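Peer 1: I'd like to ask some things about the structure below.
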Amino acid sequence: MSSPSPTSSFRRLLTIDDFEIGRPLGKGKFGNVYLARLKKSHFIVALKVLFKSQIEKEGLEHQLRREVEIQAHLQHPNILRLYNYFHDARRIYLVLEYAPRGELYKELQRNSTLDEQCTATIMEELADALTYCHSKKVIHRDIKPENLLLGLRGEVKIADFGWSVHTLSLRRRTMCGTLDYLPPEMIEGKTYDEKVDLWCIGVLCYELLVGNPPFESSSHNETYRRIVKVDVRYPLSLPVGAQDLISKLLRYHPSERLTLAQIQKHPWVKTHSRRVIPPCGQMTS
Ligand code: AMP
């Protein structure tokens, strides 16, 4: 990360000496995340520390740069803020919004499923956040419980823009994302657009309510086969309204999927969602 983005020249250049480092929040593939506080303003953040050697070894400089540049420009209550970034000889530091309630994935592991209220709220929050992303021509492409963090009031925060793309044409052909959440058009190597995110939130809604993703199988080939056939089995325990929403998102043809606006107006979402819009914290150094 030798050349900073054009906007970074407006930000004050930070160094690690500006922070008091607290407890580790988690371990990622390329480094650790710590709770940290700016010495001057006492502003609390999550500091992600990445090792340049590891990023270079995996050839991920370009992807990281893209992730940072996209996330730094997004400001929405349901998208994890990237306030700033800096580097020294060996490390890259990302100054992130702190998500006090951690990962949605862990919440799901603890309880195995979420209730209708939590799931519908998450669906409304994600529909709003993705409307914002798509308006800026950003496709996330990797919505799944591991990439969603929870704010103080339990509101969802989309994190990890590692696979997202900023594209002027909004049409792409790269294969990426996680197996269980891959939409048919990506498996089949077709060009795809922002409607891949609609498929992913359909898969997410199913996993949150049922406890496992809809196309989970014993082998990758079987998962692929079930995805392209849209072979979904709805358990009897799934509420009728939720099944209606999921079945209108898990459509083979992207143009047939509900739009983000239709998700927010869907009767099941409107009945169960308890969305509260939290204030956006601004970092002061
Ligand atoms: P990552 O390297 O992004 O996968 O992060 C590793 C772990 O650190 C995650 O699984 C989370 O549990 C935790 N973590 C990352 N970012 C934050 C954050 N902004 N707020 C709270 N916890 C975080």
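For all residues, glycine too, the Cβ spot is worked out from N, Cα and C.
Keep in mind the model is a prediction, meaning the values are calculated, not measured.
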Peer 1: TrEMBL records LYS29, LYS48, GLU97, TYR98, ALA99, GLU146, ASN147 as ATP-binding residues. Which of ASP17, ASP18, ASP160 is assigned to the same site?
Peer 2: ASP160
Peer 1: Which of the recorded positions TYR98, ALA99, ASP142, LYS144, GLU146, ASN147 have a Cβ less than 6 Å from any atom of ligand 1?
Peer 2: TYR98, ALA99
Peer 1: Find the one among the binding-site residues LYS29, LYS48, TYR98, ALA99 whose C-alpha lies closest to that of ASP142 (active site, proton acceptor).
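Peer 2: Ranked by Cα distance from ASP142 (active site, proton acceptor), first place goes to LYS29.
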